[in-house]
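Record features (TrEMBL):
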type: TRANSMEM; residues: 60-78; note: transmembrane segment
type: TRANSMEM; residues: 116-136; note: transmembrane segment
type: TRANSMEM; residues: 201-220; note: transmembrane segment
type: TRANSMEM; residues: 226-246; note: transmembrane segment
type: TRANSMEM; residues: 342-367; note: transmembrane segment
type: TRANSMEM; residues: 387-404; note: transmembrane segment
type: TRANSMEM; residues: 424-445; note: transmembrane segment
type: TRANSMEM; residues: 465-492; note: transmembrane segment
type: TRANSMEM; residues: 504-528; note: transmembrane segment
type: TRANSMEM; residues: 548-567; note: transmembrane segment
Amino acid sequence: MNKINMEIEQVMKAESVEIDGGKWVYDSSVDHKGRVPLRDSTGVWKASLFIIAIEFSERLSYFGIATSLIIYLTKVIHQDLKTAAKSVNYWSGVTTLMPLLGGFLADAYLGRFSTVLVSSTVYFLGLLLLTMSRVVPSLKPCDSNLCDEPRKVHEPIFFLAIYLISIGTGGHKPSLESFGADQFDDENPEERRKKMSFFNWWNFGLCCGLLLGVTLIVYVQEHVSWAMADIILTVVMASSIAIFIAGRPSYRYRKATGSPFTPMLQVLVAAIRKRNLHLPSNPSHLHEVPKSETTQRKLLGHTTKLKFLDKAAILDHTQDSIEQQQNAWKLATVTKVEELKLLINMIPIWLTTLPFGICVAQAATFFIKQGMTMNRKIIHNFEIPPASIYALTAVGMIISVTIYDKILVPFMRRATGSERGISILQRIGIGMIFSVSTMVVAALVERKRLNVVHKNPFEGSASMSVFWLAPQFLIIGIGDGFTLVGLQEYFYDQVPDTMRSLGIALYLSVIGAANFISSLLITIVDHITENSGKSWFGKDLNSSHLDYFYWLLATITAVNLCVYAFVARSYTYKNVHSMTTMAVADCDDGDNHKAMV
């Protein structure tokens with residue numbers, strides 16, 4: 001009788017949600033006053049535009065600094081090529097690994113809105129200090145435009161400022177993107193489809209910030225002053241923080257739920273305690289809370305992988321049933337077990353995307369340094385800054401995102417009948433193919449540049465147009481439009497609901513870890529080739545052999561692509577029960593949910 005009443009209650013709840021679904025949002029989010037949000041006045045694009053605005057500002061600042069950093073380190077601080085490349089990689093690595101901490105704090109304690117606000121303020125302080133290091137007379141590198149020897153005080157202040165920006169990025173990036181995606185209700189078909197486009201248009205706004213950063217800001221750095229560029233970035237960041245705060249009434253908020261790692265540890269402990277128990281043949285006998293009792297966490301279907309962890313959900317009949325259910329260290333739900341499985345299954349995907357990140361790291365270091373040695377004149381005496389060639393990456397990304405969202409996805413939806421068109425992992429894999437092509441093209445172009453240098457050592461490669469580099473920047477940009485956007489969507493979508501900020505941080509950590517690996521690879525290759533006769537990394541580009549290094553990266557990425565294809569084919573996507581599902585169904589037919597690459 002109780003079971004029948006529970007089912008009736010569940011059906012009534014589902015019907016109530018369906019009736020009110022047009023007015024209220026029942027996805028555990030709240031409005032700025034802590035109430036159930038009104039659908040018409042909160043969320044979706046009306047809220048996302050405020051969020052994309054501050055992302056535009058952050059990317060404007062980041063790329064305005066990042067793309068010209070190697071130039072500043074070599075021309076002003078006078079680091080050699082190897083040291084400057086590693087300094088850029090270290091900074092980029094820290095900047096993209098810090099989000100792991102920021103994402104954890106946002107999900108567990110602070111909430112996403114508060115984390116964005118605090119981290120944006122830290123970011124602003126970093127920009128302010130960077131401006132002071134180039135404006136205040138006692139902190140400036142020197143009193144003239146040409147710095148033969150910078151003041152000793154400038155370097156530590158400069159690095160303190162850019163690492164403050166790293167800390168700000170650490171909270172800003174994972175929280176802001178997941179906060180933007182939170183504005184769409186997965187249970188509403190119309191909003192769910194808009195959410196699939198959100199990541200594409202999020203990256204469109206990101207690319208607009210990138211374009212202005214590597215053109216306008218870099219031009220000001222090159223032709224006006226570094227200080228004026230910093231002043232512009234500081235003012236824009238302050239303005240965007242004000243805009244973000246102004247959008248507060250239209251946002252949908254998710255409350256912090258405590259450490260997401262505690263339930264994972266509880267599952268592991270419970271599974272170890274019950275390691276000697278036999279799994280039931282019918283997975284429906286595993287413990288799960290009734291759907292009527294779930295308010296914050298969506299239920300996940302059972303999968304057959306990592307069966308050992310399923311033992312955490314076995315109800316031990318030799319012990320008191322009520323006491324077990326009240327102790328999460330002794331008994332876990334199927335949903336909590338599946339959440340831990342999700343994270344474990346993500347590890348191979350994360351590892352096999354690292355070589356792509358290594359290829360991306362070259363665009364902000366060696367690619368730009370190559371541009372410095374080439375002819376950058378366009379018309380008459382106008383010469384583009386070397387970092388501005390990076391704008392072609394954004395152009396490639398905008399082209400690929402637009403074609404993907406407006407042409408490829410609608411066509412694949414009609415062809416396959418799938419709402420998504422192609423799977424997330426297929427999208428990532430396509431972009432990885434472009435990364436291999438990038439390294440091949442980069443190696444061929446650098447080989448040609450070195451041939452020009454050898455034929456005319458006095459003029460060097462100054463007679464060779466910088467637009468020889470255009471193909472490699474465009475191709476890596478197209479690859480970014482597939483792989484980077486796919487990684488954002490993958491890590492946001494496939495992590496447990498309580499770890500969405502950490503999910504975005506995991507995506508960023510791919511790039512962060514890849515930057516550190518790139519630095520390590522440079523050190524290893526430099527050591528091996530130097531012992532073999534001549535290092536591939538000389539004091540300058542003309543005495544180096546970057547073409548060999550690019551061929552090495554192309555080989556590594558191609559081999560890794562085969563491994564990725566194998567891993568992706570065996571991956572099982574997260575299976576969430578909708579709000580109207582009356583019972584927890586078994587999802588053991590994992591093959592129906594596997595990625596096909």
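Cβ coordinates come from backbone N, Cα and C, glycine included.
Ranked by number of Cβ pairs under 8 Å to the transmembrane segment (60-78), the listed stretches 116-136, 201-220, 226-246, 342-367 are led by 201-220. In this chain, the transmembrane segment (548-567) does not touch the transmembrane segment (465-492); fewer than three CB pairs sit within less than 8 A of each other, excluding pairs fewer than 6 residues apart.
The transmembrane segment (201-220) and the transmembrane segment (116-136) are not in contact, since fewer than 3 Cβ pairs between them lie under 8 Å (pairs 6 or more apart in sequence). A contact between the transmembrane segment (226-246) and the transmembrane segment (116-136) is present, since 3 or more of their C-beta pairs, 6 or more residues apart, lie under 8 Å.
Here the transmembrane segment (548-567) sits apart from the transmembrane segment (116-136); fewer than 3 CB pairs are under 8 Å, leaving out pairs fewer than 6 apart in sequence. Contacts between the transmembrane segment (504-528) and the transmembrane segment (342-367): present, as 3 or more C-beta pairs lie under 8 angstroms, all at sequence separation of six or more.
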